[in-house]
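Please read the structure below before turning to the comments.
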Amino acid sequence: MAAQRRRKGGEVESDYIKYLKYKNTGFQVSASDKTLAWWPTKDADRAFCHVEVTKDDGKNFTVRLENGEEKSQPKNEKNFLGVNPPKFDGVEDMGELGYLNEPAVLHNLKKRYDADLFHTYSGLFLVVVNPYKRLPVYTPEIIDIYRGRQRDKVAPHIFAISDAAYRAMLNTRQNQSMLITGESGAGKTENTKKVIQYLTAIAGRAEGGLLEQQLLEFNPILEAFGNAKTTKNNNSSRFGKFIELQFNAGGQITGANTFIYLLEKSRVTAQGAGERNFHIFYQILSKAMPEELKQKLKLTKPEDYFFLNQNACYTVDDMDDAKEFDHMLKAFDILNINEEERLAIFQTISAILHLGNLPFIDVNSETAGLKDEVELNIAAELLGVSAAGLKAGLLSPRIKAGNEWVTRALNKPKAMASRDALCKALFGRLFLWIVQKINRILSHKDKTALWIGVLDISGFEIFQHNSFEQLCINYTNEKLQQFFNHHMFTLEQQEYEREKIDWTFVDYGMDSQDCIDLIEKKPMGILPLLDEQTVFPDADDTSFTKKLFQTHENHRNFRRPRFDANNFKIVHYAGEVEYQTSAWLEKNRDPLEDDLSNLCKKSSVRFVTGLFDEDLMPSFKAAPAEEEKAAAGGSRNRSTGRGKGGAQFITVAFQYKEQLAHLMSMLSSTAPHFIRCIIPNLGKKPGVVSDQLVLDQLKCNGVLEGIRIARKGWPNRLKYDEFLKRYFLLKPGATPTSPSTKDAVKDLIEHLIAKEPTKVNKDEVRFGVTKIFFRSGQLAAIEELREQAISKMVVSIQAGARAFLARRMYDKMREQTVSAKILQRNIRAWLELKNWAWYQLYVKARPLISQRNFQKEIDDLKKQVKDLEKELAALKDANAKLDKEKQLAEEDADKLEKDLAALKLKILDLEGEKADLEEDNALLQKKVAGLEEELQEETSASNDILEQKRKLEAEKGELKASLEEEERNRKALQEAKTKVESERNELQDKYEDEAAAHDSLKKKEEDLSRELRETKDALADAENISETLRSKLKNTERGADDVRNELDDVTATKLQLEKTKKSLEEELAQTRAQLEEEKSGKEAASSKAKQLGQQLEDARSEVDSLKSKLSAAEKSLKTAKDQNRDLDEQLEDERTVRANVDKQKKALEAKLTELEDQVTALDGQKNAAAAQAKTLKTQVDETKRRLEEAEASAARLEKERKNALDEVAQLTADLDAERDSGAQQRRKLNTRISELQSELENAPKTGGASSEEVKRLEGELERLEEELLTAQEARAAAEKNLDKANLELEELRQEADDAARDNDKLVKDNRKLKADLDEARIQLEEEQDAKSHADSSSRRLLAEIEELKKRVAKETSDKQKAQDQKANYQRENESLKADRDSIERRNRDAERQVRDLRAQLDDALSRLDSEKRAKEKSVEANRELKKVVLDRERQSLESLSKFNSALESDKQILEDEIGDLHEKNKQLQAKIAQLQDEIDGTPSSRGGSTRGASARGASVRAGSARAEE
């Protein structure tokens, strides 16, 4: 099971990466430095193409089109559409694009869509492109991935928006809304279902109860009755809905409530080409409907009904009506819709179908009739009404004229229209009843504390023919776009305020206000005018259109068409739309004959009676905000109705305005989230994108409008550390990290402005508190600079790599050349020896040596063989004993090696564990650092909260003091008024005390003036403080939520650290156990374990520290909660105080007029104080400016110092590299010199060997001449080697020249880069030094070659002085003595030859006699030599016919034994003595024997020389 879970988890992770994460191929170096731009095309498949910008002077730019044509245009945001660098391909949030324009947005969407990624953020938007195929991105495992994750931590997804809304609702305790808009077929309904699926999964009960099933299953019922096939969508929702998902205080889902808008009832009676009626009509006619029920309802097949067979479209691809009907019945069961209600629903649907088949005929031009009444009777029976009454209501309805009812005959078209109105009313009210039923089952208002609303409504519609329905939809989207603009850019500008970015607040929410007023504003808006014309008896569509032209001719959003006088145009935010006013008044009235309405109210079927109950419809008498939430918002073509206050005519326009006002009121009370759905193509093909279609939808959905407004702000932003880490390489000497990232980023931007003023503009950059902000396109320009810098780096790296590969190939070729020359030299030496006359003479003379007493020698040899056999047996015994001992020693060695290997493995394991612990420790340190930063931020946030609390307490105290002071002032003011009057009387009576009284009065008047001013300020401050307290309370609540979230993160980190701690303790215990077992001889491992233990203790101390910080965070959270409660109490007190202040305000305002004259005197003082404050502010600004200049100067000096240090480091590194290069070249030259010396030394050795082998032979003079010739040839070879060395020296010089040329080329290519030029000069100087070193090495080589020449001359003279054979033997003995040490060293290798000697045992027995006489330490070598001599003698005795084969065999044997013979001094001496005895004892054959011995000696020495070579 665990394996299955792991495998399943891996598959889920794979699906997440494959279908939700963009697979970036990494950095790609641009092929060129061309500047590209987007250019509009006339191609139907491509809206834009890439063009090259050939000229750009800042004001105008020139581009080269694909056909080679060049065009110039002024450079502005409209004309110049920049192409983003590859780094921005496939970004998850299009708000991050460097160039924010239409083609850039389209290109990014296409990139992601091609990779099966159809979710993309665009600022606050989530853009969802319909994939037209099933992908595994909505599974329960994917839900678990997004559960509780922040939006920026996971890939874009509808689940991420849903989770963000849910978490925001719980944290802020504010209702949320999710606005899903788009054209039909874009996927609005599917995304709505995914939102419900996600919220039900994360907020429902773990085991999944009935309510969760009901929430998931009520949608199929709405789809059956409200969805239909259209040309764009097989399951198009023909109504808008707002689903209110309800939650309790704990965040558990408790129910749902649905509001509907704009039901397309006209589809019941007529459909467009290739479209169907609502699904329910086909489902009840499918094979899933029981046959007995079909017979009861008189149903047959779709082809038999007029409302279904108008377009002969009865089926839908990939949809089985029978299965969908079964699914709907299952949903009925889950929602507890009983059999009686189901039957009533099916009866109503069947009655509509039968009413559609009524056979109307013309009785005359003014009267219609029925051909037969079969269908009429069936419909009347199903509706529970009389057939006669139904017929009269359809053909001759009654109207009220005064106090009398008058019957009015209808012709065929009007009778059919009356029938259609009845069918639409029946279906519309049936749909309302179903929605109300679902709401009664799902809604639990008594348990509801919060809710999330999901709005599924059509986006902006611009068709070829636009009517009243399109105006209502576009009017809705104007309101929603205004709502979005206000919300989006209020948040955006709050971000600027937090980051202290200079910004003038702009209310973008008013951009659509003119268009909205044109449509809705009373009394002359389009909809009020339509209502006015609707109630006029003589009004028609033409009079309505004329009224529009008269009223709005000069309105900036209203246009008059050039051709059609019955149409008008409105300029919406998404574009200009032309509306046809045909049948607008009729649609606004949506008439239903009173006779038919009353007939249905009196139906015998209770269900039908309930459909026409006025309580089914919402009342519009009161304002929407005052109304209780209606179960449904109405329909697209709402019929007239009666208000509860009496007869009241309600138009569709009025009704819809009220519904929309109610919707906007609900949305305004929520925090909204926006999802925009897009159709990629009209063919419903996966992987295909129609550029113009997508652009039109982006425009209609407000995405491009949002981008337009975003250009006015600072859409691109990065944190300082992120920006520095990515772009530090654009400034020499900059590092990816800095203690002050903001200052480092400022320096980097200043450097870019100075270096690239045409690409980086200081007016396009703003520095915030924690982030750097850019205008649209500025960040893309910086990214281009970065790519250019990386391109140069990559080119340099490639050049270095190619140079390294070329040098390695050159070295390999040179080694191959040297090896080939050595082989050629050895082959030439062998051929020279083979063709040497003396060697040929030796080969021919060898078989002619005189015979000796071989029988005696054979007997002696046999005797020696027996003795040697005994010795061999003894040696075998000794060898066997040694073999046993060796085997035991090998076994012990193997055991020791195994133990050593095991010990090494354990040590490696311990080292690996140490490395793992070190990594864990590093991770812990990083986590601790992150937690410390979070705790610091939390502490600062807590401090801010405390500071706000203190300020609020101070303000509260001041407010209370102000109020108390105000009360005292009021009383004092009344008393002062009385005193002033009494004093005035006293002044009139007592004129003599005028001076003293005047001073007292003046002082009191000043007091009164001050009190008046303070009173006015108190009144203003009271209002300001009230608003401030509210905003601060909200901010405090948000801060508390943030602290709560941070506390959750810290708690999770704590749990993770505890797990890590436990894991470390277990690993430490294991390590200690291993160390105890191998304590002996493993002190190093023990010390490592101690170090790991120390690290664990450090980790524990860090965990304890984190625990203390966590407790501090919990305390701060508790403090924040207490502050929140205090603020609530303060707000309540403030409300009470404000009520008192309002009461006092009215009394004080009466007194203001009396004291205004006294306030005038204080204005002068206020102006003086303001002037003084301005002066102080100027001084402060000057001081700040000087301080900033000083800081900038210090930073500049520090930067120069760093640059100097970097240059010194670079120079040092270059110098070391050149030194290493020179040393390498010197080693190569020394190696070459050694080769030359060995070659020169081999030449004299060969010559010396030749001269010693031909002593006492005839033609000694010719031999000496031959040796001289050989020496001369060796000298020529040495001179040839000297020429080769000179050639190599010339090659080195050529390489130096090539390097100089490369440097010159590098200087030419990079003349603008001073640093590269300096490096090239330094490299050239170093190579010149290397060249001088090479020259000196060459001179030393020439000197050594001269020395070698002298040695050759000296050895040649020595050879010429050699006159007798004795001297030659003595020199040979001296040479052999010099080789004795080498022989002794090689004897130690005899043990390795034991196995070979055993295989050659028979051959060794024949060599024992010869090796015993020699008495050499190397018994094996002497035995081999004797065996060679014995074989040689036996071959001579056997047959002369085998002469050639014997010679070849001897030659091979001699060649094999040359190396060994060269190393055996005593054996050669014995052989020389033996040959001398043979020469002395056999006079008759002395010449032949001597020549044979000399020849064999020459062969031995020649073979030795070749072996050395």
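Sequential numbering from 1, following the chain as shown.
Every residue, even glycine, has its Cβ placed from backbone N, Cα and C.
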With Swiss-Prot as the source, which of 16-30, 301-315, 721-735, 766-780 is set down as region 'Actin-binding'?
766-780
Using DSSP, how many residues in the domain 'Myosin N-terminal SH3-like' (32-85) fall into helix, strand and coil?
0 helix, 27 strand, 27 coil
What residues, ordered by sequence, lie under 8 A Cβ-to-Cβ from Lys133 (N6,N6,N6-trimethyllysine) and sit at least six positions away in the same chain?
Pro686
Averaged over the whole of the domain 'Myosin N-terminal SH3-like' (32-85), what is the pLDDT?
78
In three-state terms from DSSP, label Lys133 (N6,N6,N6-trimethyllysine) for me.
coil
